[in-house]
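To keep things clear, I will list the structure first and then write my remarks on it.
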Amino acid sequence: MEEFFQQLTNGLAVGGIYALIALGYTMVYGVLKLINFAHGDLFTIGAFLGLTLLTSLGLTDHLGAFAGVVVLAAMVIVLVGLIGFLLERTAYRPLRNSPRLSAVVSALGASIFFQNAVMLIWGARPLVYPHNILPKTIVSIFGMDVPLVRIIMLGTSLVLMYALYYLTHKTKIGAAIRAAAIDQGAAKLMGIDVNRVIALVFCIGPALGGAAGVMVGLYYGQISFTMGWLYGLKAFTAAILGGIGNIPGAMVGGLLLGVIESLGAAYISIAWKDAISFLVLILILIIRPTGLLGERVADKV
Amino acid sequence: MMDKRTLALFAGCILFGILPMFINPYWTDVLNNVGLYTILALSLNIILGHAGLFHMGHAAFYAVGAYTTAILNTQYGVPVMYTMPLAGLLAGIFALIVARPIIHLRGDYLLIVTIGIVEIVRIALVNDIFGLTGGANGIFGIARPSMFGFKIKKPEHFFYLIWGFCLLTIFFMHRLENSRFGRALNYIKEDDVAAEGSGIDTAYYKLIAFVLGAFWAGMTGTIFAAKMTIISPESFSFWESVVLFTIVILGGMGSIRGVLVGAFLIIGLPELFRELAMWRMLVFGLAMILMMIFRTQGLIPPPPRKYDVLAYLKDAIKPSAASAEGGAR
């Protein structure tokens, strides 16, 4: 029971990170029907930018741990959001009306570009985050010991997810995003500037990914330039698990995948950890291709 | 009398054929790699280019073939070339098993599932599945192949083996393109609902496309294992699948010439810039984006199918006109 509870909390903490990255995939897929393969690498950029800002500006020394991390996350969110915006402008907008596969190859190209840019700027060796920022306190919940870090991780991702949910479901601009996802043509006729909506989505998605990058750096301590693609793949799995294009789906899918993976690693085999999540993905797609929360859409002929 | 184009093609082939005599073994090996990727990309072209199925896990089938050869050769001492049909067959059966339940998936869903499959295969190989694959280190000590009593060991020997097989592949793919099967696949690519409406069993044709592509990739795996003598899971990563995928799309989906040019550009060209090692991949990524923006259809897209309707009508009218005349008499 103790072991199970430990794995569950660990799974939820990692799942929150998956969910944050998955939101970027799902939002972009919602409006453009494009798998943004470069998204995982934007997450990596977030992690590296975070480390550079943290060490060069000494934020946590001046502002204290909590305020320092918040300011750091805000800066990374803005910077990575900007990179996402530029990415859309240069690599995806010219291909808006091209065959789907051309945009996929362009996305793969962008992924290779970013990955190697990170390697050239920060070097090929893994870098280490300072490990004295987050508290090492262990709190006890229902008599079980849980590291406080896990609760902070889960809490932060939930707060960011709620902020996004509020933005997309309660505000006017959110309504525009959802409208553009359902039918771009009709959205245009209703006076929505679809180009601006897409640009906005490409800011928000990568921004959340960048925040997730900082969280991974703080949680695991080590970051490397290749980590983006595995996290990206897992997050995409999470997005499909919840039903791609569906924002609450990505949140649920991310948390679920984190828990499945963590329990699978503990009770089945740690060496097969990654294979288990992909197997779950394949089974979900065979049994329920639209994901857990996705609705069935009739085929257009 | 042959026309000029065929003559030029023959001359080009002969020139290419005697190339290994003039270049050093390193560049011969580069050409060998280009040849291997050409064959693999051509086999992927059946699935991705002709049937239009988003398949990004081709390395999985390639791996099954290569490991079949490696295991049979090192454990049971079967000569390498004899394992080739079996490697293809096992890869084909593997494709049949994994593709059957996912064949109804479309577009991006299929893409992500095939990525999942190639990753599961790689993890299975790393974890030494069935105690046969040698884990992360892979299998080493695969024997050199021999054909008709001649032992193939130097790069220039492999050059002829690989490009000979490549020639055979091109011939086979060319025949396939113009067959009833090839046309059915193209119909599925353009509009699979309409294809189904016209009486094409789409699931069956898609499955056959998968099995054929996997069969060919499996046989290529044999040559790869023989050439390297060491194989490890890292040779069959997701990245390999991405490279193959890119060759097909960049060259032009469904075009044999496009795939050839694509393989030379993506595998051969970076070798020319070896000194720029660090910057090479950065430029490569940028080039992929620019290529897609400025040549969306790929370098050499396949020519549209042409049917000479007039000739067909004349053909159709003639016998009936003759019989009508016969009837009047």
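Cβ coordinates are placed from backbone N, Cα and C, and glycine is handled just like the others.
Range A:99-122 is the one annotated as transmembrane segment, of A:99-122, A:267-290 (source: TrEMBL). The transmembrane segment (A:65-87) makes contact with the transmembrane segment (A:197-220): 3 or more of their CB pairs lie within 8 A, with pairs spaced 6 or more apart in sequence. Ranked by Cβ pairs under 8 Å to the transmembrane segment (A:197-220), the stretches A:12-35, A:42-59, A:99-122, A:148-168 are led by A:12-35.
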